[in-house]
Amino acid sequence: MELIVDFSSDLQTEKYNMFIDTLYENNHLENYIKKVLNLEKIESDRPLYLSLLLTDNENIQVINREYRDKDAPTDVISFAYHETEDFNIGSYDTLGDIIISLERVEEQASEYNHSFEREFYYVLTHGILHILGYDHIEEEDKKLMREREEAILSSFGYTRDK
């Protein structure tokens, strides 16, 4: 499967630079996303495209307010394209956009006593599952989504205590 990850950051601080650099090393981020898509049995004859933006609490709050009518920062916002006409425009299939607040990831890692890395990959996995159609509004759907998150994270060696 060919995957195009449009990865960017609008962070104005160097605080997370080392972590961001590790995402680029050996295509680590792209390989992680590919494996998640493979675990979810996503196939395509055309390249798949995914946009990922790393930001801070202030910027994600603006997006959350504008698109979800929630005036508060959040960890991740996903925009799925599979239900729109924009899904297969051009030479690839667009999965969607994922926006992650690294500040919120750091806060949650501390709150849940996880490593920053584990919390980042949890939030990223959560965002990927949303663009693949998973949701957690209904209790049954929430249970299924949590099971998939834990199974995916476990396949990478990320457990609740790591």
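Keep in mind that glycine also has a Cβ here, set from the backbone N, Cα and C atoms.
Small disclaimer: the values here were computed from a predicted structure and weren't measured.
Record features, source Swiss-Prot:
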- His126, His130, His136: Zn(2+) binding site (BINDING)
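The Cβ neighbour count for His126 (Zn(2+) binding site), using a 10 Å radius over every protein chain in view, is 22. The most densely surrounded of the binding-site residues His130, His136 is His130 (count of other Cβ atoms within 10 A of its Cβ). Taking the mean position of the Cβ atoms of His126, His130, His136 as the Zn(2+) site, the remaining residues of that chain whose Cβ falls within 8 Å of it are Val76, Ser78, Gly127, Leu129, Tyr134, Asp135, Met145, Glu149. In the three-state DSSP reading, His130 (Zn(2+) binding site) counts as helix. In three-state terms derived from DSSP, His136 (Zn(2+) binding site) belongs to neither a helical nor a strand segment and is classed as coil.
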